[in-house]
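**Q** Handing you this structure, nothing more for now.
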Amino acid sequence: MADELEPSLQPIVDQKTLKWIFVGGKGGVGKTTTSCSLAVQMAKARKSVLLISTDPAHNLSDAFGVKFGKDAKPVPGVPGLAAMEIDPNGSISDLISAGGDDAQDAMAGLGGVGNMFQDMAFSIPGVDEAMSFAEVLKQVKGMEYELIIFDTAPTGHTLRFLQFPTVLEKALDKLSQLSSQFGPMINNLIGARGGLPNGQSFDDVLKKMHDLQETIGEVNKQFKNPDLTTFVPVLIPEFLSLYETERMIQELGTYEIDTHAMVVNQLLFPKKDNPCEQCNSRRKMQKKYLEQIDDLYGEDFNVVKMPLLVDEVRGVESISKFSEMLVKPYQAPV
């Protein structure tokens, strides 16, 4: 058996070509704590890092103890790091109606036709995640950051996010078909109802969506380049988490997205002769799954093992301290 790789994320920190890092896994495994900690370490090595939460349950604000929103805001006490929380819900109608503050009014202005297009778009599996992610990328494209880290939604949503180029193509094909058949009628209806915001036609909306597709195609190429992009799975040493992680790694392979490091959280290290039966029993279970993790990934992945701490990891100081263990392996007390 070959030597196992270093149990550290230092190789990722040292990889100067990286532009995109995704942190993901099953709910409740410590994704946000890990992504915040990794962002703190990356900010030490880069001039500018942006941490984005695409999870509707936004936890960045809670983790850092700072209120973040849809606009990037510096993280106090961490030079070079900014964070933002984007709610992916509802961006389909924004995109279909060309976005802006009047988007919902515009869709309402189309009456039954507007509803038809919304229903059609929502009927395509995964289109909500795809459009949401496209909106995130569109916002990100205009920003100047050396590195962008995504604190993603739980596994299923994340995997659908990563399918967005194919899904968007299907959506655009359907819209193009409808446009070619009903374009003149739709434009007449829009005109009769006062038009879309800024005097746009339905063709203008379709053009914007095609422009968005070009942006997505460009970013998608970067996602498939291991020099520019990597995915860091986060898990805990339990059956369901390990099973879901393996499934996710297999799917990432089909999307040609690099993953070569993972973080195992919430490990117990009870001292010898510890009287706590629950602690010893749980550690025994964890050891079983850690052995499986080492067998599956030890030769190909940097497997970082993080301890379960007595206190919550909250606030910049606490996260900064915790982040050190991502790059300097934790030494359990004897």
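Start at 1 and count along the chain as shown; that gives each residue its number.
Quick reminder: no glycine exception, Cβ is built from N, Cα and C everywhere.
Whatever TrEMBL says is automated annotation, not expert-curated.
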**Q** Look at the ATP binding annotation in TrEMBL, where Lys26, Gly27, Gly28, Val29, Gly30, Lys31, Thr32, Thr33, Glu238 are given, and name the residue from Asn220, Asn265, Asn274 listed for that site too.
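**A** Answer per TrEMBL: Asn265.
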**Q** Distance between Asp55 (active site) and Thr32 (ATP binding site) at the Cα atoms, whole Å?
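**A** A Cα-Cα distance of 10 Å.
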**Q** So which of the recorded positions is most packed in, judged by how many other Cβ atoms lie within 10 Å of its Cβ, out of Asp55, Glu238?
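**A** The residue with the densest Cβ neighbourhood is Asp55.
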**Q** Across the domain 'ArsA/GET3 Anion-transporting ATPase-like' (19-327), what does the pLDDT come to on average, as a whole number?
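**A** Reported value for the domain 'ArsA/GET3 Anion-transporting ATPase-like' (19-327) is a mean pLDDT of 80.
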**Q** Which number gives the other C-beta atoms within 10 angstroms of the C-beta of Gly30 (ATP binding site), all protein chains shown included?
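**A** Taking every protein chain into account, the count is 22.
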**Q** What whole-number distance in angstrom separates the two most remote CA atoms of the ATP-binding residues Lys26, Gly27, Gly28, Val29, Gly30, Lys31, Thr32, Thr33, Glu238, Asn265?
**A** 19
**Q** Round to the nearest Å and give the CA-to-CA distance linking Thr32 (ATP binding site) with Cys279 (Zn(2+) binding site).
**A** 25
